[in-house]
Amino acid sequence: MLRVRILLIYLCTFVVITSTKTIEYTACNDTIIIPCTIDNPTKYIRWKLDNHNILTYNKTSKTIILSKWHTSAKLHSLSDNDVSLIIKYKDILPGTYTCEDNTGIKSTVKLVQRHTNWFNDHHTMLMFIFTGITLFLLFLEIAYTSISVVFSTNLGILQVFGCIIAMIELCGAFLFYPSMFTLRHIIGLLMMTLPSIFLIITKVFSFWLLCKLSCAVHLIIYYQLAGYILTVLGLGLSLKECVDGTLLLSGLGTIMVSEHFSLLFLVCFPSTQRDYY
């Protein structure tokens, strides 16, 4: 008799465990559907999160009582006995959700939040590539300027300024990787992108030291400024999870291309007013 009782307890426990479902959700989900089906529900249907009521539907009076913390909650389709809970992301909390009527619990669902990357892998890789190439071209510009003119205070300022920009963006890259949506990664992305405005200052310094400030240089500077504006706009649109980073990448790519043009102009159009060692 004792063995039979133990076996029954084991079977009941097994049934409860196997009837519990686990559903994962991410910040990319606008709404979450928690499934539950009740054949011919009688007096009421109730959804709970742990031991707190979320939604109670009275079949007799056709009324729904909602928790003040879950105002977006609603039932899927009462006519088809589908009483799945539909709830928006802003009201979702991880935990154990139970669906029951007056005869007892019908469904138990464990809701688990899964964290996703801020940007997809392709966009993240391009961000690092564009930033790395831009910094490399900046280094080449400063190096070319340094060997082309006699050392002066202005040249020293240019070199120090370039080193500071590189250090800030490299530190930002380390903070940003991997691209999760946390305060640390947001700060990292800001450090990677916002110092790009100072590249324009280094560019003006380089062309001024080499006596090459011309209309073409102004076009390059305006082009880079347009890239920076795109970057800032893309950054503003990216300060939330599950976004498309195309606009941000367009800005970073434009800045990288302008650095290419700057280096080509420095090398291919020598100034007759340069002072060599």
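In case you wondered, yes, glycine gets a Cβ from its N, Cα and C as well.
Annotated N-linked glycosylation site per Swiss-Prot: Asn29, Asn58, in sequence order. The annotation transmembrane segment is assigned in Swiss-Prot to 124-144, 156-176, 186-206, 219-239, 247-267.
According to DSSP, Asn29 (N-linked glycosylation site) sits in a coil region rather than a helix or strand. Around Asn29 (N-linked glycosylation site), a 10 Å sphere centred on its CB holds 14 further CB atoms from the protein chains shown. When each of the listed stretches 156-176, 219-239, 247-267 is scored by C-beta pairs under 8 angstroms to the transmembrane segment (124-144), 247-267 comes out highest. The CA atom of Asn58 (N-linked glycosylation site) is located 29 Å away from the CA atom of Asn29 (N-linked glycosylation site). Of all the Cβ atoms in the protein chains shown, 13 others lie within 10 Å of the Cβ of Asn58 (N-linked glycosylation site). With a threshold of 8 Å between CB atoms, the same-chain residues lying at least 6 positions outside the transmembrane segment (219-239) that come near it are 118-119, 186, 189-190, 193-194, 196-197, 199-200, 203-204, 245-255, 257-259, 261-262, 265.
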